[in-house]
Amino acid sequence: MKPGLIVFLNGTSSSGKTSISTELLNQNEISFYHLSIDDFFNGLFHDYINFINTKYAEDVQGPTHIIIEPLITLFYSTIKFMSVMGTNIVVDTVNDTDERFNTFLGLLMDHPVLLVGVTCSKEELIRREKLRGDREIGLAISQYDKVYCLNEYDLELNTETLSPDECANLILNIIRSNREYSAFKKLNKRSVGVS
Ligand SMILES: Nc1ncnc2c1ncn2[C@@H]1O[C@H](COP(=O)(O)OP(=O)(O)OP(=O)(O)O)[C@@H](O)[C@H]1O
């Protein structure tokens, strides 16, 4: 079976990943499944996360990584599984620690990944956070350096100058061109330090 294409949107919170994903799903040419880390956690694991947060409410910053990190690995494994099953996927997540980045690379290196950088200025990120009101102000900036340390993309989209619809069309143009996606394969595992 031909593996499903993975469109990996790399960007901080509020950079515009979900808006682009929505446009990609709305077009009728290529079918995609949208896999977002937020939906994965809040949907499939809602009761479980609630249970942990309620039972250990006073220690949410503590050892919850013991269960969160395996769930994130399961998220990446689900992407791999869907690709193996031939499903095209738009991945909407924030890879902001070296460990997660390495897990992601290790699992998906042999899969067709179109690596898309979704960017905009720090000023615009803060403006969007204030406007939307459902994200902590400063969240995007706190992720910025880790998320944008990649220097290789198949496509870079500045969402300050491009609309979500224009971004989706540029992604579709690359897919239509049938060219090989090389950026993901050029990435190396990061040496894990303090994240
Ligand atoms: N190309 C764009 N031009 C102008 N505004 C945009 C653009 N893309 C997204 N926005 C606005 O920015 C905000 C965040 O967009 P979106 O939810 O797509 O970001 P995100 O990267 O998925 O964020 P998160 O990771 O926090 O879910 C929304 O209010 C959206 O309307």
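Backbone N, Cα and C atoms are what each Cβ position is placed from, and that goes for glycine too.
Those TrEMBL annotations? Automatic predictions, nothing curated.
Features reported for this protein in TrEMBL:
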ACT_SITE  ASP38  active site
BINDING   GLY11, THR12, SER13, SER14, SER15, GLY16, LYS17, THR18  ATP binding site
Would you mind pulling the DSSP three-state label for GLY16 (ATP binding site)? coil
For the ATP site built from GLY11, THR12, SER13, SER14, SER15, GLY16, LYS17, THR18, further residues of that chain with CB within 8 A of the site's CB center: LEU9, VAL94, VAL118, LEU125, ALA140, THR159
How many other Cβ atoms are found within 10 Å of the Cβ atom of the residue listed as 'active site', counting all protein chains shown? 12
What whole-number Å value do you get for the CA-CA distance of SER15 (ATP binding site) and ASP38 (active site)? 15
Distance [Cα-Cα, Å, rounded] between SER14 (ATP binding site) and ASP38 (active site): 13
I'd like to verify something. Among the binding-site residues THR12, SER14, LYS17, THR18, which ones have a C-beta closer than 6 angstroms to some atom of ligand 1? SER14, LYS17, THR18
What is the Cβ neighbour count of THR12 (ATP binding site) at a 10 Å cut-off, with all protein chains included? 24
Binding-site residues listed as SER13, SER15, THR18, least Cβ neighbours within 10 Å: THR18
By a simple count, how many Cβ atoms lie within 10 Å of the Cβ of LYS17 (ATP binding site), its own Cβ left out? 27
For GLY11 (ATP binding site) and the residue listed as 'active site', what Cα-Cα distance in Å is obtained after rounding to a whole number? 14
